[in-house]
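Taken verbatim from TrEMBL:
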TRANSMEM  6-25  transmembrane segment
BINDING   K109, N286  substrate binding site
BINDING   C436  heme binding site
Amino acid sequence: MVPWGPVLGALLVVIVGYLCLVGLLRQRRPQEPPLDKGSVPWLGHAMAFRKNMPEFLKQMRAKHGDIFTVQLGGQYFTFVMDPLSFGPILKDVKRKLDFVEYAEKLVLKVFGYQSVPGDHRMIHSASTKHLMGHGLEDLNKTMRDSLSLVILGPAGPRPEASRWHEDGLFHFCYNVLFKAGYLSLFGYTKDTEQDLLRAEELFTQFRKFDRLFPRFVYSLLGPREWLEVGRLQRLFHKTLSVRENLEKDGVSNWIAHMLQFLREQGVAPAMQDKFNFMMLWASQGNTGPTSFWALLFLLKHPEAMQALRKEAAQVLGEAGQSFTFDVSALQRTPVLDSVMEETLRLGAAPTLLRVVHDDHVLTMASGEEYRLRSGDIVALFPYLSVHMDPDIHPEPAAFKYDRFLNPDGSRKVDFYKAGKKIHHYTMPWGSGVSMCPGRFLALSEMKLFVLLMITHFDLELVDPDVPVPPVDPQRWGFGTTQPSHDVRFRYRLRSPE
Ligand code: HEM
Ligand SMILES: *[C@@H]1O[C@H](CO)[C@@H](O)[C@H](O)[C@H]1NC(C)=O
């Protein structure tokens, strides 16, 4: 008989001892940023960080200044809080800071996708070709038609559309943007009615995954949730399977181009399905929540709504009467652009992460030099360092629809910190090598959605005095934030005057 008790006990002591030692042994070396290991071995500050990321970082900044290293779950993160010092990190001319290494591990865990050489570059080149500039022409039109299909239904407006309908604003926006975005990118079959039903069902599953996502990333799911995540992953792999979607029309050139690359690299069909899941997530996880914040701010700020409706009437003119206006009209909408930029300033809170390769010296804007340790992660959180900096954006917590407009009505691009002009005055899309390649399409679809909603519908909050709900604290650091609870609203199709 093996005495398992003592063996396991000894093993536990060894493991715990090792974990504590790794933490305890790490000492700040000369020229390194202030080191804060936290009081719990290995975990470090993980609990406080997860509970409220901006609050935690604010405290650390007050204690240590604009650069510091904290321990979070066995990994050391160096946060750089001074936006004037972001340049060398984002440009990284010496190629010592690596985005891909961290991202590859994450997407393998979350989507099951095993990266192949060159795929990161390929995603960006496919996006430059099909999600930007002239390449966006087709998708712009497809997106407009999909939005109108989703909002009005396949047969166009029905008589009952002009009666009031009540819904949760977050649910409504996320649902519409998801279905229109999914169908535009992943294609239709010949049966549009069925496509809409399938997209609706997929949204329900997507939201289940979405709710589990933050704790999944931090490996904090319970056993049941763990099983549920596995089930959802398989469901998405199957629904987005390249084999089962052969008969679809109008798969976007963007998706088709990327899948062709994977085929040419000899990537197995099952792995292509996982790639599709990753792309569904990247393309649909933020536009819905952002559109929610945009409409909510407009409903809470009548002066903004009025200015926007005025601009829409001018720009769209007669064409605004129909759902199929010329998309090129959206190039001349400075008020709407400012509303979206302000919404993203308040709503987008991504973390930018880079793994340090070889010890590396970072020069701050102040001229101070800090040594970064190989294997650590450099992290930026622009929401706190840039979006909420009262020096760059006075009264940073307030929604000001014209914050990004010059007095003459043109787009404002001049912002200052400590008297110096600042290049990165908002960073909702990240920056540098991992900057969101879908940002032009994202803006296009959100602008189309907001315009369609405000020009064709009467909208009102069920309770006009309802406050803007707080951010769900789990969502900090993962792209666009989500509200901790939904807000009821009413909408009805406007009758033509
Ligand atoms: C409001 C909407 C959106 C926001 C706020 C947003 C934000 C971001 C951010 C912050 C990143 C960088 C992540 C990182 O550095 O780790 C990112 C990456 C990405 N986004 Fe977006 N995004 C949006 C919409 C879209 C759309 C509509 C698409 C595609 C149609 C898209 C495709 C991607 C892809 C493929 C990546 C990965 C890029 C890479 O690996 O380098 N995004 N997005
Ligand atoms: C696509 O739409 C966006 C705004 O919705 C606009 O700024 C852009 O110029 C359009 N692109 C093309 C090629 O039509």
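Quick reminder: no glycine exception, Cβ is built from N, Cα and C everywhere.
Curation plays no part in TrEMBL annotations; they are all automatic predictions.
Here the features listed in TrEMBL are placed on the structure.
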residue : record                 : Cβ neighbours (10 Å)
K109    : substrate binding site : 12
N286    : substrate binding site : 26
C436    : heme binding site      : 19
Cα distance (Å, whole number) from C436 (heme binding site) to N286 (substrate binding site): 11
Between the residue listed as 'heme binding site' and K109 (substrate binding site): CA-CA distance (Å): 21
